[in-house]
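*Asks:* Structure incoming, see below.
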Amino acid sequence: MSSSTSTIVAIASAAGTGGVGIVRLSGPQSRQIAVQLGVARLQPRHAHYARFRDAQGAVIDDGIALWFNAPHSFTGEDVVELQGHGSPVLLRQLVARCIELGARQARAGEFSERAFLNGKLDLAQAEAIADVIAAGDLRAARAARRALDGVFSRRVDAVAHTLTRLRIHVEAAIDFADEPLDTLGGNQVRDGLTQARTLLAQLLRDAERGRTLRDGLHAVLIGPPNAGKSSLLNALAGSDRAIVTDVAGTTRDTLHEAIQLDGFELTLVDTAGLRDGGDAIEREGMRRARAELERADLALVVLDARDPQAARAAIGDAIDAVPRQLWIHNKCDLLSDAAPLDVNAIAVSAVTGQGLEQLHIRLRELALGDGVESVDGEFSARTRHVEALRRAERHVDAADLELGFEQLELAAEELRLAHEALGEITGKISADDLLGKIFSSFCIGK
């Protein structure tokens, strides 16, 4: 439970003018402050019309007051919402009057933080509030809404419950070290490990998809000069964003273009062609291209279909660190009918459009997996969630290895670390600095 005794206030509606503006109070003085503002009577979950007044009794604004009594509110505390006209000037004056009456200005995300501390939301759900607000399209909004409804958290808890049962069996085996593991539920341990690994693998796959829906995909077009990278970016973007000429080395700097592709944002980055030599400006362009690869989720390796092997040699090991790669043979319209095509690459023509639909399909597969949703549907996730799940997966694998050598103490420690990684997602185990970073990124009124 939160130990806070302060009452906080902030504008909860969107910035700018509008038909309605909302000022939100949360804390033990919320109701008292509303009464002092001029709200004659307040009943829980009833709307009351009132004139909100300043210290001299002059009317600041008129509107509706709503009281949500603790613990039946978003934050778990007494909450009052004052709904007036959407004038930033009047809303700021109303906040200032609330502060005069004993409230303090809320920090960014403090309402959601109090909801978390009071057990109204777990940490993943609290983060989903910001994701719902920031969603760029309907698919991302629905995924964030499912995370807010607890779909992601329940699946994390299911894995954690499986690990709890495993830890009980392993700890029992440690306490009765003279007994063989099989007589202490060894089969249950092995079955539990299999179940935990399966659940984790499925959850990690779906969380990576959820992260892509939330954050999009950073795809870098890489390849030798004159392979048609800029032409391909223009074809995918549907506009002439990059300069295209027949002169090798035309692209000297990086160019970013965001496109929407089946519910997620794909950021394409055109880069300078990689080759030996070149002038100082071109060499700087190649350095920037390699720097973009270090941040890439996906490398789109664009080669000239007429001589892909020579083009491949020019790239060298530049793409080795990129987790996902897609090889594209461009200019396939210039090939003779008898020319062989690499079955592992996609043949396209940025000029004629040949193969672009197949490229779109492959990009969707790389971004969102096989397209098969879980029973609960897609949910939004963040990079920290994916990293925590990967750590949990590594620790479960390590526990399996230690159990194979009957190193029970080491296996128990690995399972504990896996459990801890899952707890970081929902906030059951969280460092104070992590909470501070998460909630400080929220809107003031959230």
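Placed from the backbone N, Cα and C atoms, the Cβ positions cover glycine too.
What Swiss-Prot shows for this protein is this:
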BINDING   R24, E81, K120, K446  (6S)-5-formyl-5,6,7,8-tetrahydrofolate binding site
DOMAIN    216-368  domain 'TrmE-type G'
BINDING   226-231, 245-251, 270-273  GTP binding site
BINDING   N226, T245, V247, T250  K(+) binding site
BINDING   S230, T251  Mg(2+) binding site
*Asks:* Any idea what the Cα distance is from K229 (GTP binding site) over to K120 ((6S)-5-formyl-5,6,7,8-tetrahydrofolate binding site), rounded to a whole Å?
*Replies:* 50
*Asks:* What is the separation, in Å, between the Cα atoms of S230 (Mg(2+) binding site) and K120 ((6S)-5-formyl-5,6,7,8-tetrahydrofolate binding site)?
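*Replies:* That separation, Cα to Cα, works out to 50 Å.
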*Asks:* For N226 (GTP binding site) and K120 ((6S)-5-formyl-5,6,7,8-tetrahydrofolate binding site), determine the Cα separation and express it in whole Å.
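*Replies:* Roughly 57 Å, rounded to the nearest whole number.
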*Asks:* To the nearest Å, how far is the Cα of E81 ((6S)-5-formyl-5,6,7,8-tetrahydrofolate binding site) from the Cα of A272 (GTP binding site)?
*Replies:* 54
*Asks:* Within 10 Å of each Cβ, count the other Cβ atoms, then let me know which of the binding-site residues R24, K120, K229 comes out lowest.
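*Replies:* Counting other Cβ atoms within 10 Å of each of the binding-site residues R24, K120, K229, the minimum falls on K120.
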*Asks:* Over all shown protein chains, what is the count of other CB atoms within 10 A of the CB belonging to A272 (GTP binding site)?
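*Replies:* Its Cβ shell of radius 10 Å holds 26 other Cβ atoms.
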*Asks:* For the binding-site residues N226, S230, work out the Cβ neighbour count at 10 Å and name the residue with the minimum.
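*Replies:* Selected from the binding-site residues N226, S230 on minimum Cβ neighbours within 10 Å: N226.
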*Asks:* Test of understanding: give the count of other CB atoms lying within 10 angstroms of the CB of E81 ((6S)-5-formyl-5,6,7,8-tetrahydrofolate binding site).
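*Replies:* Counting Cβ neighbours of E81 ((6S)-5-formyl-5,6,7,8-tetrahydrofolate binding site) within 10 Å gives 22.
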*Asks:* Take the C-alpha atoms of K120 ((6S)-5-formyl-5,6,7,8-tetrahydrofolate binding site) and A272 (GTP binding site) and report the distance between them in angstrom, rounded.
*Replies:* 51
*Asks:* Does DSSP give R24 ((6S)-5-formyl-5,6,7,8-tetrahydrofolate binding site) helix, strand or coil?
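*Replies:* In three-state terms, R24 ((6S)-5-formyl-5,6,7,8-tetrahydrofolate binding site) counts as strand.
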*Asks:* Give the distance between the Cα atoms of A272 (GTP binding site) and R24 ((6S)-5-formyl-5,6,7,8-tetrahydrofolate binding site), rounded to the nearest whole Å.
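*Replies:* Their Cα atoms are separated by 51 Å.
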